[in-house]
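J.: To start, I am sharing the structure in question, which I have written as structure tokens.
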């Protein structure tokens, strides 16, 4: 059983499938009727007008109606589109068990516990016949699918078949008067419309269900005697054919399967049983744990069944309907019925090849599941679920295609999954031992191969490779090398489809599609709510797939969409151009022609094939909200603009793509404040002052206008704004404009007019307007404010704008990729549009000129005559200049766009990005300011984890590779990249690497200073210098390979000194432990030092040991000292003396951890010897050695890297990478 959908609810007593839509009605014991979409798994509606359980429910075949009958004695007819009950049929006197529409006439048949069956006309809403005869509850009644018969089952232990032929005749032509008369009698005395044709007796208990066979003269019934009986009938009689025994409780429902020779029954014993009609035997049983079954329903057209039980219902199939198929080039091999068939795509020729023996077994789901084909050997592998999974191998005779009759014995074997992996080899999964067996065409095992995961199925993945599937992942396994080539976590994969070039693979699970590369590198995942059924790749690398009800596409970047809707599921076999070849559930080959425009368009955009995009826009009807949204989302608003007629959408797209011309035209058409404001913002961003001004004027936004005139330095218009503010009596506006203009007298006048006399007086006094100040002083009398002493006043003047005059200078650049090509399409004829917009602009301006300000406010004030005198002085106050400047420099928003469209140039790549793009040198990344990538590189190359010591160097590198220039006082500082090795003749477009503040020669100088400090015995100073060399080396860049070797050599030299000096300083700290002092002095002599320093170390060790009475050890140091031929006589003399003293008494007072005969290295952290043959770990940068317990700690010598970390090695020159 393949469960497709399951619900949890109250007990389900009635079920009915819709004939066309994926819907099922379930009537519950609680009185509710549920309408489910079993494909989506959602509850669409619920109807709850019945009082008490609803036992029967049925959809009408063609009308949007269903009927229900319940324990409230009511039959209700509902319209599911209107979501309500249309009417109720009353007449039954007890519970109603079943209701059913007639397939042709407007009739409903109902069975009831009142021992009658009634037939109703739902159009006239009357009962047209009552069938009496049963003498106990009637449990079910149904119409014959073709003839005028009704079958009913009753607890009186009988099944009755009724003939309703007379009723049909009466309904079709009740024209006769005599007939009318007889009809009256019938209504009074009960008529002879329906007569009992047969009474079938044979059950020992009450019969719960009886049903007709859809085509044959058979009846099946199920009863409380736990038996299912099969009856046959002819024109005159009916008789019992057989009894099917097996249920262990009352049989509640039973029916014939429409497509196969089987009977399905269910029972209160919590099982559904499937019986073979021809053999009269049980085929399969499905059991539930706790729920008794009550009702069965079958889909009128599809291979679906439903069963209702105590806690819900299930929708299920008995067998898979997917035909097994394999595509090879131009041909398709597939199985249908009991044959292997062959289909050629190019000629559409379909032929039978060979019969495949269908095993004579007694269970379902025996048909082939998968099929694998080897073209060179012409062999076919067919896998099925027979005997728990087995395969059959057929070799197709060359001449047999087209004959299809020769029966051959197949080579068989067990294993649920078998697939060809090479010309004459196939792999079979052996689940028990988790291995694959490789067999030849004689079915002999050639080799066995263990699998890397617990795989339950394998698929072909190129010659010699297998794609193995487990529950939660897939891997590609190479059978020769026995290695895993790719691994990907996925949901449970059901099918896989390789692209034509075997570069990509689509993995199909129940509700998802994963696209991956041939090495299983994940590319994208798509999730579907409806089950995914099949798929194939088209020639462009787009994956076309089907769900239960759609054909869809998936682009390489994961975008998907619907191509068309499907009525019935199909299985795609091949996509060629815009034709999809597929198999349907009946195993018929079909080809569907699709419209591929949408996905080809999106693919062209994705692959940047703009010429294709252009021609598609010109030639096709690619419109729609979704396409516009897609273009906008993908960053092509300028393309979307050419699809759109709606002004608001056009405006939004124009703003997005910075197309001011179209934005102005749309804003003019819409003419709403918000749109003008947004236009102003965008025009300001582009520096198109004329349009900004126009937008602000349209919205009467005087404050913004004033500020715009201030920053563009248009004093003439600012003074006009001052006048407007005066006319509008806007004091703050007046004051601001006076301030912007730097007009002190005006400011004093404004303050005086509004009564701020002290402020007016101070303003006049400070600015030296004595005459005005005196006049104001007399007005103020004694309240004259005092001015602060000793303050120097400065004049507030508006700053001079950097850019005077109109628009900002715009760069001339090439048109955008779509601009020129798209000008001819879009909104009708482009030429007319251009002229129209031009004209529009001109008129707008003239209108403004004629009427002064073109804003009602000003005119209204003028009419009031309040400020008439002043206005006359202004010569009629024409104010003509407030509007757009004269024609010569009018901002023609839509100069014919073919000639001079401005498209902003694409910004170049910042220099620091160029530096980092091609470089793997940490120093260059630090110089570019990319500290994080520099740190990552150092970590990868040298295992460095402690970056604190490097921080100042990073900062020095960054500041040292840039120079900074000041421009205007109001403009930001400009940073310039300084390049290494730049000269006059260098090409201006080629960027050199960054100039670096550290170089190798500086380190050599530092090394000399360190040696000097060591010789002088300034160990702390020397150690500081050596460590700073170690810290600088990772950020050094040199040119040649020879220098690279020198840098690596330097690391080793410095490391030895750092270790030695650290030990010597440690020795000097230890006062009380003589043994440890001697050991450290001894180890110091084994560091790789310069000769003068080695002699000093040996004298030092000799002295320490001699004083501590370790004469034998001291003698060893003296001997080593003399071997170096010391140049200073004093050193040699002391050594000889020590030797002589030691020869008399060759003993040591204390045992040291020091064996000079056995070669060793010193641990950089614990300062103990690590003798040859002992384990150690080293620092990946300075290569100091450590005891194994130090692994993972910070190196104590260089203080940068982690001991034992993996690292690729020092990279300090571009020559190492070439």
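Using the three backbone atoms N, Cα and C, a Cβ is placed for every residue, glycine included.
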J.: According to TrEMBL, which stretch among 857-876, 877-896, 897-916, 917-936 corresponds to the feature region 'Disordered'?
T.: 877-896
J.: Which of 47-88, 89-130, 131-164 has the most Cβ pairs closer than 8 Å to the repeat 'WD' (200-241)?
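T.: The stretch with the most contacts is 131-164.
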J.: Across the domain 'Coatomer alpha subunit C-terminal' (815-1218), what does the mean pLDDT come to, as a whole number?
T.: 77
J.: Do you know the DSSP helix, strand and coil residue counts for the repeat 'WD' (47-88)?
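T.: For that range the per-state counts are 0 helix, 23 strand, 19 coil.
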J.: Quick one: DSSP breakdown of the repeat 'WD' (200-241) into helix, strand and coil?
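T.: So the repeat 'WD' (200-241) is made up of 0 helix, 25 strand, 17 coil.
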